[in-house]
Amino acid sequence: MKGGHCRRPSWAVAALFIPVTLLMLTSRGASSSQKMTQTAMAHATATAAGPGPSLTDDLPGLQAVADLLASEQAHVWFLSLVGSVAVGLSGIFPLLVIPIEAGAALKTEAGCQKLKQLLSFAIGGLLGDVFLHLLPEAWALSVSSAGKQNHYMTQGLWVIVGLLAFLLLEKMFPDQDSHEDPASNSDLNFNSPTQSNSVFGEKAVASLRNGHHAESRKSSKQQSLPERSEKIKTSGYLNLLANCIDNFTHGLAVAGSFLISKKVGFLTTFAILLHEIPHEVGDFAILLRAGFDRWSAARMQLSTALVGILGACFALCTQSPKGTENATAWILPFTSGGFLYIALVNVVPDLLEESSLRHSLLQILLIFCGVAVMALLSAIVD
């Protein structure tokens with residue numbers, strides 16, 4: 001296990017910063033790459049010219065492919081996809097913040113308090129993201145599309161729809177703990193010392209005759225306890241669903257901004273990265289609370305990044321920033337409702353169980369810190 005401590009996740013750092021580097025290098029060499037492609041095609045055409053059929057006659061699709069690769073549209077596609085991947089890879093940033101031994105340490109009392117502190121920051125980050133980033137952006141999109149008052153009501157309705165949708169999903173897929181507790185309590189009552197002496201005597205004789213059966217039953221119960229504790233709570237999957245929808249909007253925003261201009265695209269990608277890094281730390285804490293281990297949570301975060309690529313492809317296929325704005329105008333408030341449900345319904349009740357005044361004050365302070373970080377990032381980006 002000590003060897004695991006020495007091997008820091010350097011691949012996570014590389015995976016996080018390589019797409020950003022590629023994005024900058026691609027922008028810097030945009031014009032030169034297009035010129036080189038055009039020069040190469042001109043040279044190939046000139047070489048093929050002369051007696052006999054030309055190269056483009058032998059390969060009629062070559063010229064079309066070359067024109068496509070040299071076009072501005074292909075460059076926008078490449079930049080949009082790389083930007084979406086860079087935003088999606090921010091999901092592994094918590095691996096650099098949360099130590100490797102976090103999974104085992106969370107089972108201790110000190111580790112439980114650290115998890116609650118991360119959850120407190122996650123609540124502040126989610127609330128700040130909803131009220132300082134997602135909803136203002138949705139309102140701005142509604143005002144730009146049409147300045148009517150009923151669009152504000154529409155945004156509010158979509159928030160309510162998001163809340164109720166996540167409530168319905170959790171009702172449809174409840175956690176198994178509440179169903180298993182009565183059975184465990186019945187077992188405890190069955191084995192309680194309040195039973196009659198005759199029944200106790202009969203069980204004692206049976207246990208002496210079949211001692212191995214009692215031991216095997218005891219060991220099976222002990223093995224079932226870790227299995228129960230390792231079950232993933234529904235709140236973890238709800239958080240992943242909300243992240244998928246959120247990443248889809250990020251892909252829409254990145255690709256839509258690159259359709260406007262490269263400068264707007266880079267600024268938008270950088271702004272989303274600033275917002276996502278603290279947000280992903282909070283999401284990581286929520287996944288740990290739901291029962292995921294450290295590496296499983298990172299893999300699930302990366303899987304949600306694929307939805308961001310789908311969002312970018314959707315925006316690029318529409319070829320219209322206006323079309324992406326219309327889709328984002330209702331996706332953002334729906335996602336806000338989901339984040340509000342996760343923060344206030346799934347996470348806050350865990351903090352309300354805290355009895356220590358010192359820990360409660362620290363948790364409230366971390367909630368304010370999460371809101372302050374999102375407010376600062378929103379001010380910097382704007």
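Backbone N, Cα and C atoms are what each Cβ position is placed from, and that goes for glycine too.
Annotation source TrEMBL lists region 'Disordered' at 210-230. TrEMBL lists 1-32 with the feature signal peptide. Annotation source TrEMBL lists transmembrane segment at 76-98, 118-140, 152-169, 302-321, 327-348, 360-381.
Panel annotation: around the transmembrane segment (302-321), residues 76-77, 80-81, 83-85, 87-89, 91-92, 240, 243-245, 247-252, 254-257, 259-260, 327 of the same chain, lying at least six beyond its termini, place a Cβ under 8 Å from a Cβ of the stretch. Same-chain neighbours of the transmembrane segment (327-348): 119, 122-123, 126-127, 129-130, 134-135, 137-138, 141-142, 145, 154-156, 158-167, 235, 238-239, 241-242, 245-246, 248-249, 252-253, 286, 289, 314, counting only residues six or more beyond its ends whose CB sits under 8 Å from a CB of the stretch. Long-range contacts of the transmembrane segment (152-169) within its own chain (CB-CB distance under 8 A, at least 6 residues past either end) are made by residues 135, 138-139, 142, 234, 238, 241-242, 329-330, 333-338, 340-342, 345.
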